[in-house]
Amino acid sequence: MDTPYLLVDISAAVAQYRRIAAAFDGTPVYYAVKANPEPTLLLELVRAGCHFDVASRAEVDMALEAGAHPSTLSFGNTIKKAEDIAYAYAKGVRTFAFDSLGELEKLADNAPGAAVICRVLASSKGARWPLSRKFGCAPEMAVDLIRWAAAHGLDPAGICFHVGSQQLDPGRWEPSIAEAAAIFTRLGADGITLRLLNCGGGFPVDYQTEVAPIEKYAAAIDAAVAAHFGDRPALMIEPGRYIAAPAGVLHTEVVLVSRKSYADEPRWVYLDVGRFGGLAETEDEAIQYRLTTPHDGAITAPVVLAGPTCDSVDILYQKAHYELPLALRPGDIVQIHGTGAYTATYASVGFNGFPPLRTVCLPPVGGDADR
């Protein structure tokens, strides 16, 4: 099969969903469609009972086409066109996130009576992929915005936050949960009863090092909610990486192995996939994937890994210490593990003439792949 391509084991992804659903016993799990929107994956997640976090009109359609009921969709993007809000509302979506007055005004006009969830700023310390700048508002602003929502025909449902993707610290949710509890209390004094706490995603997976089990994250969140809330709110979570990443292996071919000078120690290994072909999360070497080759077990030496495009930023790893076998040659296949999330969806459309990363699905046991 021509490379590069992403091979996704659908059964493995569904198993990840079942594990996190069991860990967060009774808490609805909203899969972040942006992580990997493959139709076969969405179909099997619907069958397993999953809900969906959608970020656009297209993702609304993807989830509905997979058989999801609109009541199981949450439009979690806080930056939406008015016409996209109206479109989702017409399709039956009734839960939307916001973090500004401008967004609330669009929701009041285009989704009357909808349940709205205010996203509050949260620290991403401990996360490999921070999300702390672009989304969310300060707690004091959240209080005022929720008051506005209640006064303008919307249903103020609760608070959401996100502590950053690939969050390695199970205790990082606690400060945001405490902050949310304070907001619940302040608004309760005004007669506004919030009922929902969306703890977002960020749950990590093993790349090169083992992370804490998901059960430890669930226990930490449960303990924080119990400590800070009198009346326990309904919870929801929005994992993407946790469900999809372990199910994917990206297959790529070595195009060239070279050195920059006779004295240069690290070899440069150029692959037929790079940052523009789906490995965007190698920016700042944030996500460091595990690699395997046909020569594993042989003598290794340091390498710089790069992609195939005529762009000097298309370098995957040069600071992180990667070693690959000295026997590695052009034509060898390198497998990049843990790439089921945030790869194919990041791939550019035709940069330098290279096509987007192709996805091939291993069908679920007893099922048929759609591609």
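Every residue gets a Cβ built from N, Cα and C, even glycine.
A TrEMBL annotation is a machine prediction, not a hand-curated record.
Under the heading domain 'Orn/DAP/Arg decarboxylase 2 N-terminal', TrEMBL lists 14-245.
TrEMBL lists LYS34 with the feature N6-(pyridoxal phosphate)lysine. In this structure, LYS34 (N6-(pyridoxal phosphate)lysine) is part of a helix by DSSP.
For CYS310 (active site, proton donor), the same-chain residues that are 6 or more apart in sequence and have a Cβ closer than 8 Å to its Cβ are ASN352. Feature annotation from TrEMBL assigns active site, proton donor to CYS310.
Taking the domain 'Orn/DAP/Arg decarboxylase 2 N-terminal' (14-245) as a whole, pLDDT averages 96 in the prediction.
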